[in-house]
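What TrEMBL records for this protein:
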type    : residues     : note
DOMAIN  : 26-173       : domain 'Ferritin-like diiron'
BINDING : 79, 121, 155 : Fe cation binding site
């Protein structure tokens, strides 16, 4: 074989003669796979992040079930699983990276938690757009369709929903008014 351990892991049957013929393609595919692995790990991180928020808000000393339900509903586990299924369908291997824990265990108010979530969702959206651009530039219609069908629209809708909730909580002065936060939880998030 040759002395490229990462390529050997990603494409176990790759012969040295084929490597010389298709080097540019292999470099692109390796780069693309590393981006996909990074995105899978980010989706698992988001899953942990949203679960951390969800279970914070259903604690007995916080007791905001609407916020808890909202964050559970928006976990990204299915997104990570879809990426792995897509990778397997294309004949690739999956190498997950370490998944870091959320930087906080206490999320403060519902407004603060939504603001953290919005920042993170915007980063994920940008990463998906970058991946889509790479797929477009390299003429990979399957990856473009996959991202458009399963991720991009959902991301924009979630960002909009988070933005709307943040705006309404801010207008209600929910960070200083616990009754406003409670009413938002009951009448907006639980309905």
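Cβ atoms here come from the backbone N, Cα and C positions, even for glycine.
Using a 10 Å radius centred on the Cβ of residue 79 (Fe cation binding site) and all shown protein chains, the other Cβ atoms total 21.
Listed in sequence order, the residues of the same chain lying 6 or more apart from residue 155 (Fe cation binding site) and placing their CB within less than 8 Å of its CB are 121, 124, 125, 128.
Across the domain 'Ferritin-like diiron' (26-173), mean pLDDT in this model comes to 87. The Fe cation site is set by 79, 121, 155; from the centre of their CB atoms, other residues of the chain with a CB within 8 Å are 46, 76, 124, 125, 128, 151, 154, 158, 159. As a summary of secondary structure, the domain 'Ferritin-like diiron' (26-173) carries 113 helix, 0 strand, 35 coil according to DSSP.
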